[in-house]
Amino acid sequence: MKEPEDVESNGLSNTEKILTFEEERPSLNPHNWSTTRKTLILAINFALVVNATNGTSLASGGVKATVKHFGVEDAYGWRVLPVSIYLIGYSIGSVLLAPLSEDYGRRPVNLLSTFGFMIGMVVCAVAPTWAVFIVARLFTGVFAAGPPSTAGGICADLYAKDLHRGHAILGYNMATQIGAVFGPIISGWAVMHSWSLPFWVGLGIGAFCLTASILGMPETNHNVILNKRAKQIQQTQQTQQTQIPRGPLQEKKFVWKEFATNTLLRPLSMLKEQIVLFSCLYIAFQYAVFYIFLQSYPIIYEGIFSFNTGEDGLTFIGFGIGVLLTVPAQYAFDQIYKNALSKERPWTKHHGAKRLPPACASGPLIVLSLFLSAWTSKASIHWIFSALSGIPYGLGYILNLNALLNYMVDSYKTYASSASSASSITRQMMGAMLPFAAVPMYRKLGVDWASSLLGFCALVMAAIPFLFWIYGEKMLEKSKLAQKLAEDEKAVG
């Protein structure tokens, strides 16, 4: 029997080769793009993230007017639903859209999802019934998840060095919270003119971001760029007897079983890992408390201090200030770590030395914020003291989010994306569900003890980063998955 000719053991013919940036054109590699170009791309992507997360809380400031417009019973459950259903959609979108960006590119996912987000905003603004409005909020959340789902990948596409990539990811984490802070500020004032105006404003912001993306955001996914270049070369060389380059993703088939395993089952299975489980719970709790504030702040500032909805929204500025303070705080820790590393301090040899200290510092900040809010939200005390409680919360949340996400990445490497997906799913689900308990809790316990209850929960959870510092390495030693990854690294190395 005649052997097949021109076929190698890997399935490629002798006239084919896998295209690489080094062999083809190094300037195509996003790692080699100019600092100015990278900064512009990040700025546009972060604007998209702010737009998407702004949509989560955009309905919060005007929810009373919205409920009244549709003639729905003015019950606390209906008031929470517009925000919670968006977060549920956001969670679904995160699962579906992130893997699509790996196969088809960041650019089309960002453009199409932002366009879908804009359509959702229009439907929300003109919805004839409450049911249509809620369904529109769900699908708006699904589409909104596009840019946040691609942001981490874009940071990795642009930066090869851990330090630069870490700074970019910190910026992304900050953008997610800045957007959520803008929502009640915008809607608080807009709803004073019309219940639907917040959604028209959201449409305008989305249109601006979409235009900026079309004009200034190229494709950054390395494999997709190489695929496109390979197809261009194939068209010119298809009749020539030379090695024809093939893109990394060419001939890759979509398999539903593989998709379900990698995007849903594996992230959920990662919750069996102690480090992943407790990191996800801690991050999700802090995330959900912010959405509880969307329900409790009107009780505090409109009920106790007689603010209108616009003034109530402005009290969220404290969170934004705290988020911005993350930059100097993280920079200060980086300098401390570098200096200690150069002096070979013993603590720098710890597995979590580069990540856990900011998470340890975040716990007391969150506890301070909640107790400060609890016991200064009184008519006899100036409102500014209560509003200032948002500053340590914004700072503590981003420090903890950035630290624990990176700690999971360091611990699970190959499965880092699955661990991050597990965090995203638990974060959105807890953010969607816990706020339903906010109004009954604040009405029954009062502002002081309701916020104190959250403070006591935060105090217990503040021990988690310290437990990782003490027992984290033992947890990894007992983890079959972590040990398998370590063995694979040794085999490759």
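Placement of Cβ uses the backbone N, Cα and C atoms for every residue, glycine included.
The feature transmembrane segment is assigned by TrEMBL to 40-60 (among others).
The domain 'Major facilitator superfamily (MFS) profile' annotation in TrEMBL covers 40-475.
The transmembrane segment annotation in TrEMBL covers 80-100 (among others). Away from its own ends, the transmembrane segment (80-100) comes close to residues 52, 55-57, 59-60, 63, 66, 109, 113, 133-134, 137-146, 148-150, 153, 259, 262-264, 267, 291, 294-295, 417, 421, 424-425, 428-429, 431-433, 435-436, 438-439 of its chain (Cβ-Cβ under 8 Å, at least six residues beyond either end).
Annotation source TrEMBL lists transmembrane segment at 112-136 (among others). Sequence-distant neighbours of the transmembrane segment (112-136) (same chain, 6+ residues past either end, Cβ-Cβ under 8 Å): 48, 51-52, 55, 59, 66, 70-72, 81-82, 85, 93, 97, 142-147, 196, 199-200, 202-203, 206-207, 209-210, 213.
What TrEMBL lists as transmembrane segment is 172-191 (among others).
The transmembrane segment annotation in TrEMBL covers 197-217 (among others).
Beyond the ends of the transmembrane segment (275-294), by six or more residues, the same chain brings 56-57, 60, 83-84, 87, 177, 180, 184, 316, 319, 366, 370, 393, 396-397, 400-401, 404-405, 407-408, 411-412, 419, 422-423, 426-427, 429-435, 437-438, 454, 457-458, 461, 464-465, 467-468, 472, 475-476, 479 to within a C-beta distance below 8 angstroms of the stretch. According to TrEMBL, the transmembrane segment annotation covers 275-294 (among others).
What TrEMBL lists as transmembrane segment is 314-334 (among others). Below 8 angstroms of C-beta separation, residues 170, 174, 177-178, 181-182, 184-185, 188, 290, 293, 297, 301, 307, 357-358, 383, 386-399, 402 of the same chain, each at least six residues beyond the ends of the transmembrane segment (314-334), sit close to that stretch.
Annotation comment: TrEMBL describes 381-405 (among others) as transmembrane segment.
Here TrEMBL flags 449-471 (among others) as transmembrane segment. Same-chain residues lying 6+ beyond the ends of the transmembrane segment (449-471) with a Cβ under 8 Å from its Cβ atoms: 275, 278-279, 281-282, 285-286, 289, 292, 296, 350, 352, 356, 359-360, 362-364, 366-367, 370-371, 373-375, 377, 400, 403-404, 407, 441-442.
The transmembrane segment (172-191) shares the most Cβ pairs under 8 Å with 40-60, out of the stretches 40-60, 197-217, 381-405. When Cβ-Cβ distances below 8 Å are used as the criterion, the transmembrane segment (197-217) is approached by residues 40-41, 44-45, 47-48, 51, 54-55, 58-59, 61-62, 107, 110-111, 114-115, 117-118, 121-122, 124-125, 186-187, 190-191 of the same chain, each at least six residues removed from its ends. Proximity of distant same-chain residues to the transmembrane segment (40-60), defined by a Cβ-Cβ separation under 8 Å and at least 6 residues beyond the stretch ends, is recorded for 66, 82-83, 86-87, 90, 110, 114, 117, 121, 124, 137, 140-141, 144-148, 150-151, 154-155, 158, 168, 171-172, 175-184, 186-187, 198-199, 201-202, 205-206, 208-209, 212-213, 216-218, 220, 291, 294-295.
If you take every residue in the domain 'Major facilitator superfamily (MFS) profile' (40-475) and average the pLDDT, you get 89.
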